[in-house]
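Take a look at the structure below.
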Amino acid sequence: FTCLFGPCPWMNVIPLCSQHCLTAFGGIIAIPLILSQGLCLQHDGLTQSHLISTIFFVSGICTLLQVTFGVRLPILQGGTFTLLAPSMAMLSMPEWTCPAWTQNASLVNTSSADFTDVWQSRLRALQGSIIVGSLFQMFVGFSGLIGLFMRFIGPLTIAPTISLIGLSLFDSAGGSAGNHWGISSMTTALIILFSQYLRHISVPFPTYSKDKKLHTSRVYVFQILPVLLGITLSWLICYILTTFDVLPAQPDMYGYLARTDLKGDVIGQAPWFTFPYPGQWGMPTVSLAGVVGILAGVISSMIESVGDYHACARLSGAPPPPKHAINRGIGIEGLGCLLAGAWGTGNGTTSYSENVGALGITKVGSRMVIVAGGALMVIMGVFGKVGAVFTTIPSPVMGGMFMVMFGVISAAGVSNLQYADMNSSRNIFIFGFSMFSGLVIPNWILKNPNAIATGVIELDQVFQVLLTTSMFVGGFFGFVLDNTIPGSKHERGILAWNKAHKDDSSNTLESEEVYNLPFGISAALSSSAWLRYVPFCPGGRPGSLDGSGADTNSLEPKLFPGRPEPAQIIVGVGL
């Protein structure tokens, strides 16, 4: 299915775009289900399905915007775990603690005005914070300040920040998995089996082409869809165990939450068609504490996305993205977070590393495939039954997936240390202290919520959110210590980091062919000399440099033997 410089055939586009969407399903579905705990929605499957439909819908729109007007690389957009940590920290504040009656399924009346006000007030507070935080990301991107940020941020800042995103969610993973350790262990084992032991085994699939007619082609399905396959198989086994009443039917017995009929009426209640719209949960509210916490997540998301851009460009055969494309990509991601906040997903959007890994596997760098994938996610967001189906996944199955997913996220952060000299006692101290502080301080603050008392309520709330967000605490200490303790750029890993993310390669498409704006916009702007000083506008003349007129909707990957894969690619393949 390798698409050269011509347009990718629709017969190939459909399975390839479905593959990209399926690869991202695990992360996209997990975010609303985790947020539902802080939003007091554990026992309201119908609202959970609405949140899943909304995040699908917005992710599709953001994907179309990014591929068309953003960085223009074939990279999918979806919910981000970097905003999940500060969101959960915000919802853990005393004023947002869920009422005791919302934790008891027998006491929850999902149609009552009291219950609706409980979860909508929390979601509106998240919406407002995300909207304000997204404005900062748009400013940083479109103003070109992302380059200034990256000068001071190296592996010793990124490693604890990303690692603590996964580590801070251990309680959520343990709580879900502990509802039935047998089911969760089976899910984890299946994902490990598919992603690690069977990833090099190809499976024959029937394929049709004009030349060969109906024939079989071999697909590395275990390498592409390990999470989805693991969840689906465990889900099926839970359904069989529920049908034959092997799992307990009494709510107070261990293993009851592994049943698949707990939310059986959700699929029937969910409408066939739903159209998410901005402000569907009411007018967003803004709090200083929420905004400051979300800003910490936004900064982490921007750093992660810059790495994803370079990895995606390398795998799709494009030259490293120029400054104007990176600025535009970060700005469009900020716009995507703004839309996600306005629509009420409870989260933002970011570039998906899983999608980058899929590029390396399929050897197809086609924009048309990702455009079709974005359109597919929009369609899925409109079909209400789709989101309802995913809410019936038993809690232990999700817990098993969390065990793998959050572990991989933590390891992805640590992998950034490969650029730094870890034989240096300076670097060992910075990383170790940052990681340990990022675990100790939030844990102590959560156990002592009244310890912060400055006399100013707003300031107390800001400190409460920041100091209970592990990624902020660890990233803050890593940033300050790395930029103040004396050390050479080689020792800090700055030189190796910059080389890895700016490494150019020959035999790739010309930069202007790939990153210029579409629909002749670059040609129209080329007559205005002053626009070359706009950070997100292409500086050179648009169009083909060699006059070939190649269609850049498809970017042919050129993989070089012996070249090491970026850490983001390895993480994507693992997921």
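Glycine residues also receive a Cβ, built from the backbone N, Cα and C atoms like all the rest.
So that you can see what the record holds, here are the features copied from TrEMBL:
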TRANSMEM  21-39  transmembrane segment
TRANSMEM  51-71  transmembrane segment
TRANSMEM  130-153  transmembrane segment
TRANSMEM  180-198  transmembrane segment
TRANSMEM  219-242  transmembrane segment
TRANSMEM  281-299  transmembrane segment
TRANSMEM  369-391  transmembrane segment
TRANSMEM  397-416  transmembrane segment
TRANSMEM  428-446  transmembrane segment
TRANSMEM  461-481  transmembrane segment
Contact call for the transmembrane segment (51-71) and the transmembrane segment (21-39): at least 3 Cβ pairs under 8 Å, seq gap 6+: yes
Contact yes or no, the transmembrane segment (461-481) and the transmembrane segment (369-391), 3+ Cβ pairs under 8 Å, gap 6+: no
Interface present between the transmembrane segment (397-416) and the transmembrane segment (180-198) (three or more C-beta pairs under 8 A): yes
Segment proximity, the transmembrane segment (219-242) to the transmembrane segment (369-391), 3 or more C-beta pairs under 8 Å: no
Stretch in 219-242, 397-416, 428-446 most in contact with the transmembrane segment (21-39), if contact is a CB pair under 8 A: 219-242
Contact set, same chain, for the transmembrane segment (130-153): CB under 8 Å, 6 or more residues outside the stretch: 83, 284, 286, 291, 294-295, 297-299, 301-303, 306, 323, 326-338, 340-342, 346-348, 479, 483, 535-536
